[in-house]
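Colleague: Annotations for this protein, taken from TrEMBL, read as follows:
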type: ACT_SITE; residues: B:Glu44; note: active site, proton acceptor
type: ACT_SITE; residues: B:Lys126; note: active site, for glutaminase activity
type: ACT_SITE; residues: B:Cys162; note: active site, nucleophile
type: BINDING; residues: B:Tyr132, B:Ser189, B:Lys195; note: L-glutamine binding site
type: DOMAIN; residues: B:4-259; note: domain 'CN hydrolase'
type: REGION; residues: B:480-505; note: region 'Disordered'
type: REGION; residues: B:557-586; note: region 'Disordered'
2 protein chains.
Amino acid sequence: MAQLRIAMAQVNPTVGDLDGNGRIVLDHARRAAEAGAHLAVFPELVVTGYPVEDLALRNSFVSASIKATHALAAALAEEGLGELPVAVGFLSRRTGVGERFGQPAGSPQNAFALLYRGRVEVTSAKHHLPNYGVFDEFRNFVPGETLPVVRLHGVDLAFAVCEDLWQGGGPVAAARAARVGALITINASPYERDKDNVRLELCQRRAREIGATVGYVNMCGGQDELIFDGDSLIVDAEGELVARAPKFEENLFVTDLALPEAGAVEGPEGPVDGVTVVRHTLSTDPVPAYAPQPPVLTPRPDPASDVGEVYRALVVGVRDYAVKNGFASAIIALSGGIDSALTATIAVDALGGDRVYGLLLPSKYSSDHSVADAEELAKRQGIRARTVEIAPVVAAFEAAVHLDGLAAENLQARVRGTLLMGLSNQEGHLVLATGNKSELAAGYSTLYGDSVGGYAPIKDCWKTLVWELARWRNAEAERAGEVPPIPENSISKPPSAELRPGQLDTDSLPDYTVLDALLDAYIGTDKGLRELTIAGYEPELVQRVIRMVDRAEYKRRQYPPGPKISSRNLSRDRRLPITNRWTPQG
Amino acid sequence: MAQLRIAMAQVNPTVGDLDGNGRIVLDHARRAAEAGAHLAVFPELVVTGYPVEDLALRNSFVSASIKATHALAAALAEEGLGELPVAVGFLSRRTGVGERFGQPAGSPQNAFALLYRGRVEVTSAKHHLPNYGVFDEFRNFVPGETLPVVRLHGVDLAFAVCEDLWQGGGPVAAARAARVGALITINASPYERDKDNVRLELCQRRAREIGATVGYVNMCGGQDELIFDGDSLIVDAEGELVARAPKFEENLFVTDLALPEAGAVEGPEGPVDGVTVVRHTLSTDPVPAYAPQPPVLTPRPDPASDVGEVYRALVVGVRDYAVKNGFASAIIALSGGIDSALTATIAVDALGGDRVYGLLLPSKYSSDHSVADAEELAKRQGIRARTVEIAPVVAAFEAAVHLDGLAAENLQARVRGTLLMGLSNQEGHLVLATGNKSELAAGYSTLYGDSVGGYAPIKDCWKTLVWELARWRNAEAERAGEVPPIPENSISKPPSAELRPGQLDTDSLPDYTVLDALLDAYIGTDKGLRELTIAGYEPELVQRVIRMVDRAEYKRRQYPPGPKISSRNLSRDRRLPITNRWTPQG
């Protein structure tokens with residue numbers, strides 16, 4: 001066996017910020033070298049950030065990424081880090097292929113590079129291009145068809161990109177045939193609830209299949225609707241977990257591995273399952289024996305803290321959306337209800353109380369407790385709150401045009417939206433929308449009203465989860481001996497939009513426990529009327545809810561982005577026609 | 001040679017309206033039978049409408065489509081049409097394939113069916129799945145791997161779906177190897193400006209390659225952002241145009257063809273380029289000789305009427321969006337400017353003057369001619385107009401919060417948006433947004449202000465095209481001896497948002513002739529700073545415009561859908577990250 005110290009850099013790049021991302025790589029490579037690493041590994045597309053979406057189709061952006069990657073190799077060498085091989089992901093293009101109808105022009109690739117001695121020494125590209133859920137890669141890239149196997153200090157290391165590990169054939173089969181000592185994968189794999197150990201199990205299975213150590217380095221941080229949770233790890237050839245990074249935060253960890261020394265065996269000859277092994281040699285002699293450090297093995301909390309993990313993801317989402325879009329502060333309409341209370345609490349945890357502004361916008365239908373609960377929330381968290389009565393503005397509209405019923409209800413929400421946006425434009429705050437996934441799914445919101453905003457922190461949380469999150473956050477505070485941030489009354493009172501006298505959500509919607517379960521079954525698993533009826537729901541209720549969901553598509557498209565925490569989101573990863581006359585009948 | 005009378009039904013289905021689409025097929029099949037056709041052909045996915053997008057991933061929708069297709073076969077037979085083979089597109093699923101990670105669950109397919117004698121006699125599925133531009137098919141479907149070759153009255157006919165004709169390999173190669181008499185393709189191919197003869201040339205090239213007649217039947221009508229322009233056609237084996245339908249409108253046309261009689265030759269053995277030929281026999285004897293009818297050969301207007309064709313596409317887009325979404329009327333804010341004047345004129349041509357409502361919303365910054373021009377427009381076209389002064393409402397907001405500068409400008413636009421939406425909610429009109437593509441690209445609009453609406457008729461028209469369209473429409477009226485619908489002053493005056501005293505668009509934007517050319521080069525062809533500078537633009541201007549465009553992404557995402565007329569739209573077919581720090585520097 002030969003020893004190797006591998007540094008994995010779980011970092012948080014920003015899409016398009018080539019200079020900033022380059023600095024992140026330089027900083028972490030320096031630290032890796034200081035820690036005595038023989039190899040430093042960064043996530044998929046770290047040079048450009050992920051996802052680049054249709055930026056991949058801009059030739060000038062592809063050129064800039066390639067240029068930045070060469071500049072990075074040079075900068076590493078200039079800083080005296082040239083002897084440390086640094087693995088990065090970057091946007092490249094395939095050369096020497098003809099234009100093909102329907103293929104991305106310029107043949108962009110989701111590529112891998114090994115930077116060494118001031119040069120881009122090895123390159124390859126992702127073979128399997130995911131195009132489901134949040135991924136559009138078949139649209140944006142052309143596939144790579146090689147697997148680089150790099151001999152480093154006498155060990156053969158294969159490198160692959162993200163999805164190439166998830167699919168059974170292609171690079172995995174080629175790595176097995178090439179008898180590598182380890183397979184290192186670079187990833188940009190977004191967080192999803194209830195998927196905590198899926199990646200670990202995948203790495204374990206692949207390690208056993210290939211008969212080699214598998215290293216998995218993932219991105220962290222929020223990028224628009226995606227949250228990358230890190231969770232980088234290494235498993236040995238038997239599938240035993242060797243090292244594991246913390247979740248959600250930047251982390252550089254080194255792991256000392258003892259890997260099989262590469263023999264004289266070359267090959268395989270020709271492509272394996274469409275992928276050709278290309279061998280490179282950096283150094284053949286194993287490093288002199290040294291005393292290994294104990295690996296980093298971040299413990300995972302028990303499953304009961306799943307809600308806590310969701311909360312943490314939401315905080316990261318808000319923090320990075322604000323930071324990456326250049327907002328120093330956020331503004332939120334505080335109604336005294338649970339949605340705005342939780343949204344404000346997440347914002348305070350993300351940005352600090354002094355950067356969160358609350359706007360209380362009572363109308364003639366607002367109950368006394370609405371204002372009192374909102375004021376109490378602001379007081380507990382140090383939120384700067386101001387109150388604006390909307391009645392005079394509503395009256396001015398009603399003097400101009402006659403509106404009643406739903407039109408008059410929507411008017412109040414739109415007056416509030418306009419006030420929020422006005423203060424955002426005037427003072428520079430990011431407006432956070434407070435809608436939850438149940439409302440959004442059912443269309444229980446006002447377009448251009450309560451749906452205004454730049455980011456919607458709880459848009460992927462069912463209402464029942466909103467309550468759970470609020471209770472969890474308060475309990476956490478109590479455990480720490482702090483005042484619970486959310487007033488108990490905001491959690492316990494029956495939800496109401498307060499747009500007409502005595503209005504309750506239950507006037508228009510089923511009880512949230514029933515509604516959320518039904519929505520989750522319809523949206524999360526695409527079950528139809530018959531299956532949902534068999535599952536025990538009233539057929540009339542099912543039809544009513546399905547009709548609500550299908551009709552709300554237009555509003556959902558206009559909703560701000562928000563952190564994704566579930567496998568089936570309502571917007572970005574569901575592309576439905578707006579005009580859809582179909583209502584399932586059986 | 002054997003004779004065959006083929007009926008092509010260029011129809012306008014609605015996504016999700018399985019019953020309505022079934023009725024369209026029945027009606028046209030009856031007319032085809034009455035015209036003595038031996039085969040009736042309908043467009044791609046006529047049973048479900050196109051595009052189904054992620055509805056394809058709903059198992060219950062796939063089941064409903066399959067059920068509807070079988071019901072349609074039965075209904076045809078019940079009506080005495082069972083002897084007429086009817087070719088349709090429908091959503092189906094592939095059976096007998098295992099779940100594969102990353103593949104659409106339930107294996108939906110974009111399928112072909114030949115309905116005959118009350119049964120679904122033949123099925124196959126699209127092989128090449130486009131996933132560029134407006135298409136998401138690789139995401140939504142799994143590919144088919146067979147080419148059906150049907151012997152009908154002694155002629156071998158191959159059937160393929162849309163993209164299968166555009167790609168060189170696969171079904172086209174298999175059809176050639178199978179020595180068919182004709183290849184019939186069913187399509188849902190959207191309109192694009194400047195692509196008038198691309199489909200004809202494609203059919204001609206393929207006909208020569210295969211050595212067989214090619215029939216091409218396309219959808220017509222608007223569906224959300226897409227407009228299908230029909231243009232169904234037939235070319236013979238030498239590539240000569242035989243028959244051609246009119247554009248944009250529903251049409252059933254029969255064509256008498258003399259096709260090579262099929263011999264005993266079977267084969268090819270095994271798959272050709274991944275596609276296996278599957279043969280079916282409906283009838284082996286040629287029909288008795290009959291006197292052919294002259295074919296329909298709709299003449300194409302000269303290229304100079306390209307602007308007229310765009311205008312027609314926009315009218316179809318508005319008409320079908322309103323009809324398919326159940327709106328009987330539209331409401332438009334009339335500013336006296338060219339954008340709202342053109343939008344209103346399109347709406348009147350689509351829906352009739354009595355179904356279009358105009359809202360004049362002058363502020364203290366509105367010039368006298370604004371109101372006069374808007375009133376003149378309404379008078380000329382029979383639009384019901386009402387005037388609401390926004391000053392009192394703006395004053396009520398300004399009494400509630402302090403807003404100045406851009407925030408105060410946006411406020412006026414949002415007050416207008418709220419009034420439009422209020423009347424839409426109160427009276428049921430579809431709000432038409434009046435923004436053009438130049439504004440939208442440059443971000444020169446107010447989010448939740450002038451951008452509100454359900455549909456944006458001119459969102460894919462550069463400002464310079466807006467003027468051209470207005471002039472074209474007025475000239476058409478003059479040619480017909482009618483009063484030009486658009487007041488000359490709305491066309492000739494310098495554009496202004498009128499949100500502050502004496503404001504002109506040129507305060508913030510370059511001259512539209514320069515801006516539009518630059519935007520078209522940046523957005524249409526993805527040229528970067530260097531290429532645009534080489535093309536002769538001022539580097540500073542280029543950088544300023546690129547920065548505007550890249551920063552406006554968020555607003556564009558929130559913009560209503562609108563008819564697509566160019567190959568590069570700003571929204572649906574460009575998926576950019578919201579957070580994008582990249583500005584091209586070289």
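Keep in mind that glycine also has a Cβ here, set from the backbone N, Cα and C atoms.
All annotation found in TrEMBL is predicted automatically rather than curated by experts.
On this model, are these features tucked inside or out on the surface, and what's nearby?
Modeller: Packing around B:Glu44 (active site, proton acceptor) is summarised by its Cβ count: 27 other Cβ atoms lie within 10 angstroms of its Cβ, all protein chains included.
Within the same chain, residues at least 6 positions away in sequence whose Cβ sits under 8 Å from that of B:Lys126 (active site, for glutaminase activity) are B:Glu44, B:Gln109, B:Asn110, B:Ala111, B:Phe112, B:Glu137, B:Phe141, B:Pro143, B:Gly144, B:Ala160, B:Val161, B:Cys162, B:Glu163, B:Asp164.
The number of other Cβ atoms within 10 Å of the Cβ belonging to B:Cys162 (active site, nucleophile), over all protein chains shown, comes to 26.
DSSP classifies B:Tyr132 (L-glutamine binding site) as coil under the three-state reduction. Sequence-distant neighbours of B:Tyr132 (L-glutamine binding site): no residue of the same chain at least 6 apart has a C-beta under 8 Å from its C-beta.
If you average pLDDT over the domain 'CN hydrolase' (B:4-259) in this model, you get 95.
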Colleague: Taking residues 6+ outside the region 'Disordered' (B:480-505), which of them lie with a CB under 8 Å of any CB in it?
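Modeller: For the region 'Disordered' (B:480-505), the list is 335-338, 341-342, 345, 348, 363, 365-367, 369-370, 372-373, 376-377, 380-381, 408-409, 412-413, 444, 463, 467, 470-471, 473-474, 512.
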Colleague: Greatest CA-CA distance (Å) over the residues B:Tyr132, B:Ser189, B:Lys195 that the record ties to L-glutamine?
Modeller: 17
Colleague: What other residues of this chain sit with their CB within 8 A of the center of the CB atoms of B:Tyr132, B:Ser189, B:Lys195, the recorded L-glutamine site?
Modeller: B:Gly133, B:Trp166, B:Pro190, B:Glu192, B:Val198, B:Ser567
Colleague: If you draw a 10 Å sphere on the Cβ of B:Lys195 (L-glutamine binding site), how many other Cβ atoms land inside?
Modeller: 14
Colleague: How many of the residues that make up the region 'Disordered' (B:480-505) does DSSP mark as helix, as strand and as coil?
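Modeller: Secondary-structure composition of the region 'Disordered' (B:480-505): 6 helix, 0 strand, 20 coil.
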Colleague: Relative to the Cβ of B:Ser189 (L-glutamine binding site), which residues of the same chain, six or more apart in sequence, are found under 8 Å away?
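Modeller: Long-range Cβ contacts: B:Cys162, B:Arg199, B:Asn218, B:Met219, B:Phe228.
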Colleague: Which recorded positions among B:Glu44, B:Tyr132, B:Cys162, B:Ser189, B:Lys195 have a Cβ sitting under 8 Å from any chain A Cβ?
Modeller: B:Tyr132
